[in-house]
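Take a look at the structure below.
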Amino acid sequence: MRFHLALRFYLHYLVLLGFSGVISIYGPHQRAQKTGDILLGGLFPIHFGVASKDQDLAARPESTECVRYNFRGFRWLQSMIFAIEEINNSSAFLPNITLGYRIFDTCNTVSKALEASLSFVAQNKIDSLNLDEFCNCTGNIPSTIAVVGASGSAVSTAVADLLGLFYIPQISYASSSRLLSNKNQYKSFMRTIPTDEYQAIAIAAIIDHFQWNWVIAIASDDEYGRPGIEKFENEMFHRDICIDLNVLISQYIDEAEIRRLADRIENSTARVIAVFASGPDIEPLVKEMVRRNVTDRIWLASEAWASSSLVAKPEYLDVMGGTIGFALRAGHIPGFKEFLQQVHPKKSSHNEFVREFWEETFNCYLEDSPRNEDSENGSTSFRPLCTGEEDIASVETPYLDYTHLRISYNVYVAVYAIAQALQDILTCTPGKGLFANGSCADIRKVEAWQVLKQLRHLNFINSIGERVRFDNGSELSANYTIINWHRSPEDGSVVFKEVGYYSMHNKNGAKLSIDKTKILWNGRLTEVPFSNCSEECEPGTRKGIIDGKPTCCFECTECSDGEYSDHKDASVCSKCPNNSWSNGNHTSCFLKEIEFLSWTEPFGIALALLAVLGVLLTAFVLGVFVQFRDTPIVKASNRELSFLLLFSLICCFSSSLIFIGEPQDWTCRVRQPAFGISFVLCISCILVKTNRVLLVFEAKIPTSLHRKWWGLNLQFLLVFLFTFVQVMICVVWLYNAPPGSYKNYDIDEIIFITCNEGSMMALGFLIGYTCLLAAVCFFFAFKSRKLPENFTEAKFITFSMLIFFIVWISFIPAYFSTYGKFVSAVEVIAILASSFSLLACIFFNKHSPVVIAGPSSHWK
């Protein structure tokens, strides 16, 4: 019971605190207030911050003083008042209902905003807290049914925690932190500004668009900066862009820390600085960079400071000129310009902020102003007395910058959203309402939670065509104007030049459009600055990793042979197709030269001529033998077998021609069997012929048995059998592993078209069998070396076999050590050498009649 009573007393104290307390000159007691049937609350940053003041608690602590007047904040406040008066004067909205307002200054701080918010809460909850027993606090002040504000995300977060407890709807016009999208935590929070999640994507898209990969990221240390930069970091990671420096700042950071941060920025090689912060938070750093005259940086500004009057000053343009910023799409408020110009202390009795605005605008003081007393006491600098006749249009301040109404328009939309919700309550038909049993709320006794319910079902189109919804999960479409800070050629002021836009649509995706020709970098340059960790790699090279460095820092490595890159900053080199090879610069691929033992190249022509010469010489000898076939000398040389031998030599020479020309499947299948069978046929004839001579001479006297055994038919039978073995080897080879045409891509710049033999073992059997017959022939010829001197044919056969062995023994290592067309050339040379040796040694000695006539006497 005591705890409950203490809690009630504490809440009562908070309520009283919302209306009282010792406050400074322009502290929370200042307000813009006008009574009405229904009351709206407002929270605006009329000042940029509070004075730093240590409280030693030696006396009762005083409320901190708000400092640095915010002209834009006052314009936003005026936008709310203008919207309310426009609604009150409209016959279409809320007839016979008058809207009132109570607007406070948050001084851009959480503490001041909570002081103001407590007054909203207190009036709404006095009855439910039963505080009447302590005091009569109700009076005639109506409850605040909705609050417009606040501006900064950190301030709105704190206010949303408080207002959400009492289900008081809050519509912010400038708080874009994505954390506030959590409807479970911030039940009564809504906004008329897109979430920062899209803005982070947009800034990353601009960095990617200009092909920068090395940036500095700075964020305010609050609920606006931290989530924004976190989303930005994720986007940068997915786009392979590196952040060199990532820091959090605040307007209350000490000067030493600012100087250290400026040192780190100056020492960084990154030239692009992306900043998620408000104007007051980034201002101390900008001042330090201006003091150092650091002019070679490109600033990317989030919406919160892209057009801030604290930073966008002519004296800062040497450093800040060329800043790329994001601004909300501007809206149009008819009549607002004239309303702003009508402000005057004597005409604004309901708005206590006008007096300070007038004094700050004209740098004077009004007669009954507290500044007058301080000036007389010497506590402030001297200011002249305001006459009240000053012309507001003669002074240039951000207050009258109504050319691009962005936040002011968001305030305007927020007020109209509340009015639309009240209009829906007013026109509600019983039985179709949103409350229990389809009931409707009473507009005269409407409560905050009922307005919140109605706002959650609100769905309307604002004047610039954007759909406004506050149901769960709904956010405004992200439509940003991209601006570039220029210096005006007329008066040197800051001009926000529109250079593009970023639009995020749920269905069509994001679209970034930038006109590079309109951008002035660093305020004067037209060429896009370079902000990369490493120089870009030229075509023909790729990016190589440097140990201990981020992926954006790399060294350029030349592509390997057979690889290429045809664009800058290639991550990998592409491999050329099999039929291509990289050029000298590795920037492209060219078709490889196709090579084979061609009929048109000199080497191929020479081999072909030798083969044809061999055929002609053999044909010549055959012609001589045919012409003189009935002469004793031809008959003595075993005429029929010599014919077959000469025919086989023609086949040997001819088979070498199949090895010349582009290999085809059929030529690959024919050439080895043709060569093998031809040579076996040739050597079989020589073997039979040699063995016949040997047997004749060893028999001394030719008997009938010898003549019968070595008759013509038997000789041909033996030749057929020897050749048949080779034919079977070829048949088995062609059946099991047929050779075929093969393109060899292993050699740089050249494609060798060769024959894949199918089975090297089969080729070995083919050549081995040929050599075996040659060895037997050599054996018989060697045995015939002791024949009479007139019979020298065996000696030449021995010599031809020796040449045959030398050629084919040399062929084996030469065949396996060469590649491409030279494989065929080696085999052609071996065939021609063997064939010429046989032709020369056996037949080009026939001019000696004794050599051949000797054996013939034994057959007479």
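Backbone N, Cα and C define each Cβ position, glycine as well.
Since the structure is predicted, the reported quantities are computational estimates derived from the model, not experimental observations.
Positions annotated as transmembrane segment by TrEMBL: 7-27, 603-628, 640-661, 673-695, 716-735, 762-782, 794-816, 822-844. If you look up TrEMBL, you'll see 603-846 marked as domain 'G-protein coupled receptors family 3 profile'.
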Who are the long-range neighbours of the transmembrane segment (762-782) in its own chain, taking Cβ under 8 Å and residues 6 or more past its ends?
672-673, 676, 679-680, 683-684, 686-687, 690-691, 694, 722, 725-726, 729-730, 732-733, 736-737, 794-795, 797-798, 801-802, 804-805, 808, 811
Pop the mean pLDDT for the domain 'G-protein coupled receptors family 3 profile' (603-846) in here, whole number is fine.
79
Pairs of Cβ atoms less than 8 Å apart decide it: which stretch in 603-628, 716-735, 794-816, 822-844 has the most with the transmembrane segment (640-661)?
603-628
Output the single range from 716-735, 794-816, 822-844 maximising the number of Cβ pairs under 8 Å to the transmembrane segment (603-628).
822-844
For the transmembrane segment (794-816), sequence-distant contacts whose Cβ falls under 8 Å of one of its Cβ atoms, 6 or more beyond its ends:
683, 686, 690, 693-694, 767, 770-771, 774-775, 777-778, 780-782, 784-785, 787, 823, 826-827, 830, 833-834, 837-838, 840-842, 845
